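Chemist: Residues or ranges marked as domain 'PTS EIIC type-3' in TrEMBL: 8-338. For 32-52, 72-93, 105-123, 135-158, 179-199, 211-233, 270-290, 321-342, the entry in TrEMBL reads transmembrane segment.
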Amino acid sequence: MKKFLDWMQKKLVPFASILGQNKYLTSLRDGMMVAFLATMFGAIMVILQNLPQTFGFAGFLPKGVLDFINNFFAPVGNATMNISAMFIAFGVAYQLADKYKQPKVFAGAVSLSCFLMLTLVGTDKTQGAFFPIQQLGAQGMFVAIITGIVSCELYCRISMKNITIKLPDSVPPMIGQSFVAIIPGAVPLFLFNCIRFFFTYTPYKDAIDFIYKVLQQPLMGLGVALVFAFWLAKSARMKTTMRTVLVPSIFNVSEPMTYGLPVVLNPIIFIPWILAPMASTLISYIAIAIGWVPRPIGATVVWSTPIFISGWLGTGSVAGAILQLVDVVVMTLIFIPFLMVLDKSYVKDEQAQMAKETTENN
């Protein structure tokens, strides 16, 4: 194990340092933090909203109480976690434009418009057109990231070539800057409209549904295993992250983990992030195929139901909970070596920072 950890420390950490200086990855990392405050607060509200259904006492509460809980907490989740992809689309483009020394707010606004253009707009006879809120949250995150990078690249490169509308100096600066942004902003907007039009002729109907079903959905549900692997952490950063994300992860709210570690585009975490769900899927398939665990009975299990309880309810058997336990143990063991390498690099950074502060104080 020590040789393996030393090898990863030697090979992965330098590679991670190089990637950590990449403008796209740093823009993604910093841009996603725009959503952190909203999603942390939203996660707590969503957990509180789903407590009666999660622990099975909703049937014992008066309808008025349940209505109050939903009416009080649901709007918070809708205005925070459920639109987190919008924050990310704006934030990633905002940070990337800063790297190019281009107008950040305009780049973020163009990116947000491009992202909304890719969503499947619904219609209602009384309310008119509307955006499906499920596509504006976790389901749309991958598309928001891609949109933020691509739209900002186009915007900044056209802007840097001075392909703009210039007005006389007598025009107020804000109005002049708005006209300067018209052509650089029109190009990505037109491109993403073409992408939207293309997907209307596919079975998926929109880009967000395609990315979610093909790429994003298979990688979900690893929060608990990752939190368990944190118990060996020595760095203050990982210990703080573990305390912050523990309760949300138990209730399958993984956004605080995604932003807090961060997991997103972390090269050291990437390998176990791919291997862990593959191992879990294989183990579950074999256990069900040979009859050790009953097939799911089709019962509706609230998504925020904690692990082990959800396995028992979903299969109608304790074997379902045991299977989840095995899956978590295996995934945790896969994550531990990589998190130890990451933790070691964090400890080194913290020690260097403490030494620097000590020197400055003396």
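Cβ from N, Cα, C; glycine included.
Since this is a predicted model, take the numbers as computed values, not measurements.
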Chemist: Counting CB pairs under 8 Å, which listed stretch among 32-52, 179-199, 321-342 touches the transmembrane segment (270-290) the most?
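Modeler: Between the stretches 32-52, 179-199, 321-342, 321-342 has the largest tally.
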Chemist: Averaged over the domain 'PTS EIIC type-3' (8-338), what pLDDT does the prediction give?
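Modeler: Average per-residue pLDDT within the domain 'PTS EIIC type-3' (8-338): 81.
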